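Please read the structure below before turning to the comments.
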Amino acid sequence: MRKLEFLLALALAGAMIAAAIAAPWLRFVLTIALAKGIAVMGILLLLRAGQVSFGHALYIAFGAYTVAFLAPRLNDAVLLLVVAAGGAALLGLVIGLFVTRYRQIFFGMLNLAMCMVFYSLLEKLYHITKGSDGIRVEIMPVAGQALDRIAYEWTIFGIALALAFALGALLRLYLVSPMGEALKGIKTRETRLEFMGVPARGVLLAAYVVSAGVGGIGGALIAMTSRHVTPLLSYWTASGELVFIAILGGAGGVLGPFLGAAAYELIRVYAAASFADAWQMILGTALLLVILFAPGGLWGMAARAIGGRSR
Amino acid sequence: MTATLTRREALAAGFGTVLLPATLSAQPAQRPAEFRIGVTTFLSGPASVFGVPSRRACEMLIEQINAAGGLAGVPVRAIFVDEGPGTDHLVGEIRRLVQAEGVHAVFQSISSGSCLACTPLSRELNKVMLLWDCGTQRIFEENRYDYAFRTQGYATPEVLAPLLYLLRKKPDIRTLAVVNQDYAWGRDSWEIWKTAMDALKPGVRVVAEMFPRFGSTDFSTEITRLLALRPDVVYSTSWGGELVTFIRQATERRLHERTTFVLPVAEASLQILGRNMPEGHIIGARGDHWNNHPAPANPELFRSFVSAYRQRFNEYPIYPCHHMAQAVWALKAAVEKAVATKSGGWPSDAELAAAFRGLTFPTPTSTITLREDGQGLEDQIVGMSHIDPNFGFAVPREMMRYSAAQVSAPVGQKSVDWLKTLTPAMVQQAGTAL
């Protein structure tokens, strides 16, 4: 099963690379999908604890705006990724300190509130953030190497893919570690955790900070790919999109977010291309079909198809 | 399970259809079998009040062009893309339009944010982009583009013309309040107005700067404050449903009786407001294409465009329809010019772009020249609202036309810097009564 999951990940990566070579415009779409997949891994971590955050777009937007603001000064993609991840994790720690006191709908709504506060700040501080017009991000050197546009786009795609693998592997380890297993405890019965001497808030806070950090990385990658950031990144629909991807992909394994994000972006692109008026309906139908017929999401379906047990 | 299988198949099929055309790129310029235009416009969200009518106008005009033999003999097809989902989606869609659909030109977009994000792609993809409706002055003032052109006016003349009109008609104003939507256009249009007003009539006191949330449906707080402050003028560049709501709520409380509204983007909301629009307030149309234009340059064409649109969609065209039409006419003129330059040969992307620079193309009301930096020079007509029984809604009277060259910042100058150099004498010099 573990081996199969790895092989499936390799196959998915191979398909993405093949598609990106064959159709240059898909490279852009798939880089965005990978970035969102990385961010959704954070949602998945919280879903393990039974908590749905409706505000994780906050960390994506924070990562993206970190890149937009610091790019002229730091001017290196690798450095900016580190700063964006660190900054988002720090912000996650501050916000996490009080949102992890709450559970269920209160947790979700408080996150949503934070995300909308950030959205309003981006809109209101017009002279700093340029409001809804947004800020342009120019092509930047990667690890000291100045690149032309095509090489840069490939490099960011490569970095996104490598980060997806590395972070996926790390998160997989985290989930089977005691800290990760304790998340499941929060979902089933939190009091039992406390009786065992495990601080539930600490466990959730740690997961929350990690999820904020990967959100920041996802946001930084989105900013480096679309090269224009707007406050819309932090709007509630963007948060909803992340939860949508998590459900579409399935919460069973770390591959789920990437399956979900790739499927989501491709469905959206093809739906928008074929039916410019009704793409929302097609996305909604896809999600309904998954909820009705494959509650484990795409990952659940894939796991069943390769004969393993799906969670 | 069947449902999931079909979806996978659909995705696989989708991949297939994309991979095929993408491999056919990079050919020498041959006369294409059809001329494809990628059009980005709002098909969902609040700005679809502009997007949907403009799409209709585009489809109608393309039918007319194809019926008359196409662009230099080549039939035209438009592919529409929704601007609604946001920037990262739209940037991807523009790439798809160019790299997968193989469009020959892109018409983009309504939102200034979209334009700022997507126009740099014209440089990367080497495709002609016509900015058909967005107004931000930042595009051509902060950057130079070889492949991007705006086939209509922009924020600076669209704000300056109503201001000059106000100062001409009501020279004694002392106080002013602003109620703009809280996003980039609301802020930018206020900055332009304030800078120009301080230069043209120093000493007007701004008694309130209000920026209600974008998408507000309740303006009672703002109206209460305005009723208490009694400013001589209320300036608002709000548009669409928000402007309709604001005017309805303001007129219910008789704000319009003690203050003059200046509404540079009012035209698109006047049909919806109908007789609820109070008379004697200053209205603009982001151009010179009022439905009651007294002296259009080509009355036959103007009437045929308006009546064809009315017949099909049972409403008058609003300014985004005219802006879309200007983009289509500009494209037609440029393609014909480029083909003539090559004496019948089909132009490459670079040759087509070169044809746009300095192009003067006719519109039903006047002509528009695309100047050296790519910005179009479109005249502005401003007037006082007046309910015309022939229309059943407000149209302007006491109209004044401001020629675009008079009210646009010169090439290479930033609008705000240029506006600071204006002098009070301009109020009497600029504009001609129609």
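Cβ from N, Cα, C; glycine included.
Any TrEMBL annotation is an automated prediction that lacks curation.
These numbers come from a predicted model, not from an experiment.
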In TrEMBL, of the candidate ranges A:123-147, A:198-222, the one given as transmembrane segment runs A:198-222
As TrEMBL has it, transmembrane segment corresponds, among A:15-32, A:105-122, to residues A:105-122
In the same chain, residues at least 6 away from the ends of the transmembrane segment (A:77-98) whose Cβ sits under 8 Å of its Cβ atoms read 58-59, 62-64, 66-67, 70-71, 110-111, 114, 140-143, 155-156, 159, 163, 204-205, 208-217, 219-221, 224
Beyond a gap of at least 6 residues from its ends, the CB atoms lying under 8 Å from the transmembrane segment (A:198-222) belong to 31-32, 34-43, 45-46, 48-49, 51, 53, 56, 58-67, 80-81, 84-89, 91-93, 95-97, 99-101, 156, 159-160, 163, 167, 171, 174, 179-180, 182-183, 185-186, 190, 229, 233
Residues outside the transmembrane segment (A:54-71) whose C-beta sits under 8 Å from one of its C-beta atoms, at least 6 past its ends, are 39, 42-43, 80, 83-85, 87-88, 91-92, 95, 108-116, 118-119, 122, 129, 135-138, 140, 211-213, 215-220, 222-224, 229, 231, 233-236, 238-243
Contact set of the transmembrane segment (A:279-302) with the rest of its chain, CB cutoff 8 A exclusive, min separation 6+ beyond the ends, reads 8, 244, 246-253, 255-256, 259-260, 263-264, 267-268, 271-272, 310-311
